[in-house]
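Taken verbatim from TrEMBL:
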- 312-327: compositional bias 'Polar residues' (COMPBIAS)
- 33-165: domain 'Exoribonuclease phosphorolytic' (DOMAIN)
- 194-260: domain 'Exoribonuclease phosphorolytic' (DOMAIN)
- 307-337: region 'Disordered' (REGION)
Amino acid sequence: MMDQRWRPTVNEREFIEQALQSDLRVDGRRPFDFRKLTISFGREDGSAEVLLGETCVMGYVTAQLVPPYKDRPNEGTLAIFTEFSPMADPAFEPGRPGEAAIELGRVIDRGLRESRAVDMESLCVVAGKHVWAVRVDLHILDNGGNLIDAANITALAALSTFRRPECTVGGDDGQQVTVHDPEVMDPLPLTIHHLPIAVTFAYFGDGNIMVIDPTYKEEAVMGGRMTATVNSNGDVCAIQKAGGEGVMSSVIMQCLRIASVKAADITSKIKTKVDKYTTDKALQKVKRTPAIVAKEVNVPDVAMKESMHSAMENQTSKAPNDDQQISEGIHTPKEFH
């Protein structure tokens, strides 16, 4: 595992542990309280940034057409990639991903893949030849503790707003794929059945004291950690126990009950933010006629009115000649006799 950026002294360790025994935490939270969660989206679809306390993670989703796996010709693929920048934590080193980066990607990937949250069959274009490969890139911008939960929420928020290009199949053999520009045909969202939420528990002492959403200071003191991935329906999608001290089965069941409640709360927050983003995006697509165009449209009307006015003046000027012709064509009764 990577070296901690903050090494507590003996007094600091005792202070944190004694405070936890009194159901108090260094930042003033209760044992089962999350830090403040902020979700924001970028200009393009599929980009999201999550701020969980001091932990900041940015995610971006892309997709491309690739040949499918031979054992699954009718399913697309989903891959999670993480990047730990030294800007986020001095303990992170540039270059190849370390153990922490690999573990983070696997935990999030297992929660999404094993629970089949994303419909992989909907990503198939031509069976056995062309499928969509969805890639989620997660960038750790600031490590304030509990990277797993923050990165998991970022991935879900980015996937919920991602739109893949629309494509059609044609040609002589009926297997030529044409990818349409977003301006020609509206992109399609991913089919997401549910949102698997990761909730991380940190254990202290003999495993009898536990808290959720640990900070980087609590992570330096904790004796063990467990991540439970649960959806809003209470279904357990995955469980990750990354070493440390053992935990009683009764404690694990208690953690799962707490995780199901927290998952429902976080799911509602994600859906609320996604709905607002979708609504704002739809309003931006509404075409409104600008003022400049309105003036250009009114120019022909003015010209038409001027031409009609000039035509009326010409008719008025010609009116006496017409009267003269009419008077010349009318004969008096005497002339008829």
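First residue shown is number 1, and so on along the chain.
Heads up, the Cβ atoms here are built off N, Cα and C, so glycines get one too.
Curation does not apply to TrEMBL; its annotations are automatic.
The DSSP breakdown of the domain 'Exoribonuclease phosphorolytic' (33-165), given as helix, strand and coil counts, is 34 helix, 52 strand, 47 coil. In the predicted model, residues of the domain 'Exoribonuclease phosphorolytic' (194-260) average a pLDDT of 87.
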